[in-house]
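Here's what Swiss-Prot has on this protein:
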- P2: active site, schiff-base intermediate with DNA (ACT_SITE)
- E3: active site, proton donor (ACT_SITE)
- K60: active site, proton donor (ACT_SITE)
- R272: active site, proton donor (ACT_SITE)
- H99, R118, K163: DNA binding site (BINDING)
- 248-282: zinc finger (ZN_FING)
Amino acid sequence: MPELPEVETVRKGLEKLLNDFYIERIEVLKERSIASNGGSKSFIDNVKNSYLGNWERRGKYLIGSLLTKEKFSKGFLVVHLRMTGQFKLLEKEVLACKHTRVRFFEERGRELRFIDIRNFGQMWHVPSSRSVPEIVSGIKRLGPEPFSDDFNSHYLEEYLKKKTRSIKSALLDQRTVAGVGNIYADETLFDAGINPKTESRNLKSNELKRLCNSLIKILNISIGEGGTTFSDFRDLEGGNGNYGGQALVYRRSGKNCKKCGEKILREKICGRSTHWCPNCQK
């Protein structure tokens, strides 16, 4: 699943390439891609005849502002890519490929296409009279953004002080911190030198400081590399993310640790494959 760096890469592409994109027509090829009330008909009626304005990211959600030709608000287009969702910008209309789910056409002929092999991705229209969390309930449950002032070691110490689950499990919980998934949880814990099986409540203040610093560091590096592509992720122009080649533990089970030479382990923690070094992460 695309995590924060991949979603941020898509957000940057959408904002850069679609700042003058006027949606004249929409085709919904898969009804389940539309999650807002009223289904595809209501979605099309509310989103067409709109300019795509600024794009924001909240956790793994993309939030695009919709504007009239007079630049008044028409609400928001909210997207969650889930496992395999991706956007592709085409300079002219071409036949839809097999996994095309939603197509946005502009008056000049360009097409913004939403492709989703697994078909778990979702879209919502949020009217200007409502807030995004009112319509997209998952956003209400998100913890702080890693780059926000609200995310720090003091917050983690308070939030985790009674949590008996592993720190790996806590990082994957979007209520702890928004946008982190398996790749960056593993890489962060390695960088911070923390055993992923450690009970969250047992982490000391200095370890939580390292954890915060490592998470921000790893996410910034990955954003700079356009995210990670191991299977389906592509940016708006079809390019791969380049962080995967820099990963120190993720998908390196059985290989030598680049820091100490110990074999990288892979085991299930909280039902997820976890990669870590037993020497560097004690």
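Placement of Cβ uses the backbone N, Cα and C atoms for every residue, glycine included.
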On average, residues of the zinc finger (248-282) score a pLDDT of 97
Those recorded positions listed as K60, H99, R118, K163, R272, and which of them has the most Cβ atoms within 10 Å of its own Cβ: K60
Of K60, H99, R118, K163, R272, which is closest to P2 (active site, schiff-base intermediate with DNA) if I measure between C-alpha atoms? They're all recorded positions. K60
Cα-to-Cα gap, R272 (active site, proton donor) vs H99 (DNA binding site), nearest whole Å: 27
Nearest to K60 (active site, proton donor) by Cα, among E3, H99, R118 (recorded positions)? E3
Pairwise CA distance, K163 (DNA binding site) versus E3 (active site, proton donor), rounded so that it is a whole Å: 24
At the Cα level, what's the spacing in Å between H99 (DNA binding site) and E3 (active site, proton donor), rounded? 21
